[in-house]
Amino acid sequence: MIKKASLLTACSVTAFSAWAQDTSPDTLVVTANRFEQPRSTVLAPTTVVTRQDIDRWQSTSVNDVLRRLPGVDITQNGGSGQLSSIFIRGTNASHVLVLIDGVRLNLAGVSGSADLSQFPIALVQRVEYIRGPRSAVYGSDAIGGVVNIITTRDEPGTEISAGWGSNSYQNYDVSTQQQLGDKTRVTLLGDYAHTHGYDVVAYGNTGTQAQTDNDGFLSKTLYGALEHNFTDAWSGFVRGYGYDNRTNYDAYYSPGSPLLDTRKLYSQSWDAGLRYNGELIKSQLITSYSHSKDYNYDPHFGRYDSSATLDEMKQYTVQWANNVIVGHGSIGAGVDWQKQTTTPGTGYVENGYDQRNTGIYLTGLQQVGDFTFEGAARSDDNSQFGRHGTWQTSAGWEFIEGYRFIASYGTSYKAPNLGQLYGFYGNPNLDPEKSKQWEGAFEGLTAGVNWRISGYRNDVSDLIDYDDHTLKYYNEGKARIKGVEATANFDTGPLTHTVSYDYVDARNAITDTPLLRRAKQQVKYQLDWQLYDFDWGITYQYLGTRYDKDYSSYPYQTVKMGGVSLWDLAVAYPVTSHLTVRGKIANLFDKDYETVYGYQTAGREYTLSGSYTF
């Protein structure tokens, strides 16, 4: 619903309901400009997913949550735990900034992209998702968009849950949040998930030498947080989490050589912070440490054998963010410091290296009559490539009450990672990848339908690629991406509808060929209703045609992959006020399709789960 909001409570910006699972226009978000503001005041397209949405969808992975959102295209080398990539609005998987509680996710390896198949869904309490450039706020990576996974629970209580499903899937979870006195609360969580999986390789596509076995996944997770309010304005927190994952994947036989077909990932993160929440001024200081160890090995020889590979990364972060209400809006400023360190002898970096980055930024939001203005600028000083600046600006005009036009422009960049710089095939002279983006949008509320339609263009230069002849990474590539995004949500009686359409033309700007693994069109539809205390949900997704490479041939051949329509059906029933049982059929019509050429998807899957809260 569109309505006016007062300045001090809602930044004095006209409230428009963007496409989101939480359709309240006054939902507060922190990701867009690094300070708390109503979602309706953010000019960039923004989606919020709550834990209630995740439970209603009965999602068993983060990828299953994200695939439902506008502009997102997920590819995966098979089922649970297998290597996955997130493409937002046609940009590379490495052009998506993933934050955990506002802190950059630690990424080991040479790809520089987040593999969220490994991140436990049990930790996800909320997702804030911003589309478009955000490097002027966050620095490197935020070319296609920002995904902020928030682990903090909103309400006290205890929940015990269990689930079972196809391919011997099982999941057990216990979480609790308790008050210790009036000013302190503690949160604890433990989770175990396992599936035997299935054989992910489609033999007709990848030849006859593939390994024939089930490719399973095992994940064990622990989480703890302590929060304390010193006064009404001052508060602090300490939190930590870790997960221990094992993934079996398909490898190819080479006589006399170990068969590396098992991945073992250890990850731990620790954060501590101090917050000041005044009437006009807000400030937050956060320090963070994370450490990940990613092994690939033959289980007959073990992960410490000379044939095994190891990607190990330590990341240290300090963030100081401030926000002041000024006039009919606010101004934010802050400093980020980050250090990433590799361990000598990892799979990609023979010697130990570190990379430091210090960024300073300024953000602003202001309303003048029927106009809303938003801007940000940032300067990063990197130990490898020196100083790099980015900026963005947006303007919104409510030309008729309830209808708004938005125009925006922004620059962004992706820094080369340590593997690309110093790995066996690294190039220390690499420059950052750079992006220039334009977007225009109309949004409004018409006959009960909350809608938005956007058109955008993104020109990316200095793309980093690998040269088969020099065996080095280099800057040369260019991409040109054009797209249209339309979203809407509305109710018809007891039925709630959420729909989105994406058209993405992502091309190599030099050869004019389509970029791989991006669907040209996507349609996503969610229908929810309640009947006789049963909560029903139907999910539909159309994935359009896309292109990929057949790596089993030489030279590699480009292949065209057809589109597919997918349906999910979910139902939940509250047996009592404490006990809820749920059931789901994914891929209802058992469609046979691939998102990565040569790797088959699971087909129809069933899950049954229950949760008890007290």
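Each residue, glycine too, has its Cβ placed from N, Cα and C.
Annotation for L83 (cyanocob(III)alamin binding site): spatial neighbours Q76, N77, D115, S117, Y249, criterion Cβ-Cβ under 8 Å with sequence separation of six or more. Reduced to three states, the DSSP call for L83 (cyanocob(III)alamin binding site) is coil. Per Swiss-Prot, cyanocob(III)alamin binding site is recorded for L83, S85, N92, V110, S111, A251, T309, R517, Y551, and the stated evidence type is sequence analysis.
According to Swiss-Prot, the feature Ca(2+) 2 binding site maps to D213, D215, Y249, D250, D261. DSSP assigns Y249 (Ca(2+) 2 binding site) to coil in the three-state reduction, outside any helix or strand.
Under the heading domain 'TBDR plug', Swiss-Prot lists 38-152.
Swiss-Prot lists 155-614 with the feature domain 'TBDR beta-barrel'.
What Swiss-Prot lists as motif 'TonB box' is 26-33. Note on the motif 'TonB box' (26-33): residues 5, 10, 15, 20, 39-40, 42, 44, 46, 48, 99, 102, 128-130, 134, 137, 146, 148, 332, 363, 365, 374, 376 of its chain, located 6 or more positions outside it, place their CB under 8 angstroms from a CB of the stretch.
Here Swiss-Prot flags 597-614 as motif 'TonB C-terminal box'. Counting same-chain residues at least six beyond the ends of the motif 'TonB C-terminal box' (597-614), those with a Cβ under 8 angstroms from any Cβ of the stretch are 55, 58, 60, 76-79, 82, 157-167, 169, 171, 198, 200-202, 205-206, 548-552, 559, 561, 578-591.
What Swiss-Prot lists as signal peptide is 1-20, and the listing cites sequence analysis.
Here the transmembrane segment (158-165) has Cβ contacts under 8 Å with residues 60, 171-178, 195, 605-614 of the same chain, all six or more residues outside its ends. Taken from Swiss-Prot, the feature transmembrane segment applies to 158-165 (among others), supported by sequence analysis.
Among the features that Swiss-Prot reports, transmembrane segment is placed at 232-248 (among others), with the record citing sequence analysis.
Residues or ranges marked as transmembrane segment by Swiss-Prot: 263-277 (among others).
Feature annotation from Swiss-Prot assigns transmembrane segment to 279-296 (among others).
For 328-337 (among others), the entry in Swiss-Prot reads transmembrane segment, with the evidence type sequence analysis.
Residues or ranges marked as transmembrane segment in Swiss-Prot: 353-369 (among others).
According to Swiss-Prot, the feature transmembrane segment maps to 403-417 (among others), an assignment based on sequence analysis. When Cβ-Cβ distances below 8 Å are used as the criterion, the transmembrane segment (403-417) is approached by residues 14, 16, 43-44, 92, 94-95, 107, 110, 112, 132-136, 140-143, 357, 382, 384-385, 388, 390-397, 430-445, 464, 473 of the same chain, each at least six residues removed from its ends.
Per Swiss-Prot, the feature transmembrane segment maps to 434-443 (among others).
The annotation transmembrane segment is assigned in Swiss-Prot to 473-490 (among others). Counting residues 6+ beyond its ends, the transmembrane segment (473-490) has Cβ neighbours under 8 Å at 17-20, 23, 45, 70-71, 89-92, 131, 416, 420, 425-427, 430-431, 433, 448-467, 496-510, 515 in the same chain.
Residue pair D213 (Ca(2+) 2 binding site) / N92 (cyanocob(III)alamin binding site) shows a Cα separation of 31 Å. Within its own chain, the transmembrane segment (558-572) is flanked in space by residues 55-58, 513, 519, 521, 534-550, 580-589, 591, 593-594, 597, which lie at least six positions past its ends and keep a Cβ under 8 Å from the stretch. Most other Cβ atoms within 10 A: among the binding-site residues D215, D261, that distinction falls to D215. For Y249 (Ca(2+) 2 binding site), the number of other Cβ atoms no farther than 10 Å from its own Cβ, over all displayed protein chains, is 23. When Cα-Cα distances from Y551 (cyanocob(III)alamin binding site) are compared across the binding-site residues D215, D250, D261, the shortest belongs to D250. Working note on the binding-site residues N92, T309: by count of other C-beta atoms within 10 Å of each C-beta, N92 ranks first.
Comparing local CB density within 10 A for the binding-site residues D213, D250, the maximum falls on D250.
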